[in-house]
Amino acid sequence: MKFDPTSPSLNIMLANPRGFCAGVDRAISIVERALELFSPPIYVRHEVVHNRYVVQNLKDRGAVFVEELDQVPDNNIVIFSAHGVSQAVRAEAKARGLRVFDATCPLVTKVHLQVTRASRKGIECILIGHAGHPEVEGTMGQYDNPNGGVYLIESPADVETLEVRDPNNLCFVTQTTLSVDDTLDIISALLKRFPSIEGPRKDDICYATQNRQDAVRNLSADVDLLIVVGSKNSSNSNRLRELALKTGTQSYLVDTADDIDSSWFENITKVAVTAGASAPEVLVQQVVQAIAKLAPSVVTEVEGRKEDTVFAVPAELR
């Protein structure tokens, strides 16, 4: 289907902030620097960030992505992904003599430390997150006290059926790719059932997740369609799409410009484009160019919250 070239201009509104966050920037930089300083192959446990384009680019430069450490030969370099790993994985790497560079996002590490402290004190810990996500697996793997317990919940319904040892000795943490709004109802249910439960400090919330969701929320009411640039296995990218759908705005998740379907734009005059925290800006610009070919278009950068957070790479890689 082709658009009538005489049709009204399509207003393409670019959300801000969008795309790479400081944790993703740092993780990619760690792999790039390791490839520059040491001879390939450089092994990376799990996709360093959840973006197909980024992973393929690093593969082409000599990175080898594996799911488990038994795929890494002894005495080699291994990089842990931005999502973090369990204590058991760290112990295995040490026992195998692997040289580790840790690309775990510092905000994920803060959550890990909370769980570790809870384990040490025997406080039972509840994690709000999505089963099967590597960050969740790594976070739950920080708890090793057999006299306590760590539990995963995904919804208010899970709170009602949750069985704990001591309802007066509880804390909770959240997956970093969930925003305040994502967890609001679950936390309310936790506080109602366990009034003495302790939660994380507000400054432990991932700024990037919240900022990108706020930008989508602010734009959704003013557009007919939202395009999210991100891979299907990217939790935060999926949340952006879901947020738009909840507000009544049609939304699609695209990995690249090749995924754009012209039928989505029938009778559309305003479209917003954003990107998950692991999607590079080059993909955003390619998507914008693909949309602009469908009809006479005007591209507008929408003002949003400024981000200046930077996380340093390990000293050995500087």
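Note that Cβ sites are derived from N, Cα and C of the backbone, with glycine treated the same way.
Annotation comment: Swiss-Prot describes Glu135 as active site, proton donor, evidence class sequence analysis. Neighbour count (other Cβ atoms within 10 Å of the Cβ, all protein chains): 24 for Glu135 (active site, proton donor).
Summarising the annotation, Swiss-Prot assigns [4Fe-4S] cluster binding site to Cys21, Cys105, Cys206. Taking the Cβ of Cys105 ([4Fe-4S] cluster binding site) as reference, residues of its chain lying under 8 Å away and at least six apart in sequence are, in sequence order, Gly23, Val24, Arg26, Ala27, Ala82, His83, Gly84, Thr176, Phe311. Secondary structure at Cys105 ([4Fe-4S] cluster binding site), as computed by DSSP, is coil.
Swiss-Prot lists His50, His83, His133, Ser234, Ser235, Asn236, Ser278 with the feature dimethylallyl diphosphate binding site, giving sequence analysis as the kind of evidence. Neighbour density for Asn236 (dimethylallyl diphosphate binding site): within 10 A of its CB lie 27 other CB atoms from the protein chains shown.
Positions annotated as isopentenyl diphosphate binding site by Swiss-Prot, on the basis of sequence analysis: His50, His83, His133, Ser234, Ser235, Asn236, Ser278. For the recorded site, Ser234 (dimethylallyl diphosphate binding site), the DSSP three-state label reads coil.
According to Swiss-Prot, the feature (2E)-4-hydroxy-3-methylbut-2-enyl diphosphate binding site maps to His50, His83, His133, Thr176, Ser234, Ser235, Asn236, Ser278.
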Inset, instruction - Identify, in sequence order, the residues in the chain of Ser278 (dimethylallyl diphosphate binding site) that are 6 or more apart from it along the sequence and have a CB within less than 8 Å of its CB; answer 'none' if there are none. - result: Phe20, Val24, Val49, His50, Asn51, Val54, Gly230, Ser231, Ser234, Asn236, Ser237
Inset, instruction - Mind giving me a neighbour count for His83 (dimethylallyl diphosphate binding site)? Other Cβ atoms within 10 Å of its Cβ, every protein chain shown. - result: 28
Legend entry - 8 Å Cβ shell about His50, His83, His133, Ser234, Ser235, Asn236, Ser278 centroid, dimethylallyl diphosphate site members excluded: Val49, Glu135, Thr177, Asn233, Ser237, Gly276, Ala277
Legend entry - Coarse DSSP state, helix versus strand versus coil, of Ser278 (dimethylallyl diphosphate binding site): coil
Legend entry - Candidates His133, Glu135, Ser235 (recorded positions) - the one closest to Cys21 ([4Fe-4S] cluster binding site) by CA: Ser235
Legend entry - His133 (dimethylallyl diphosphate binding site): tally of other CB atoms within 10 A of its CB: 17
Legend entry - Greatest C-beta neighbour count within 10 angstroms, which of the binding-site residues Cys21, Cys206: Cys21
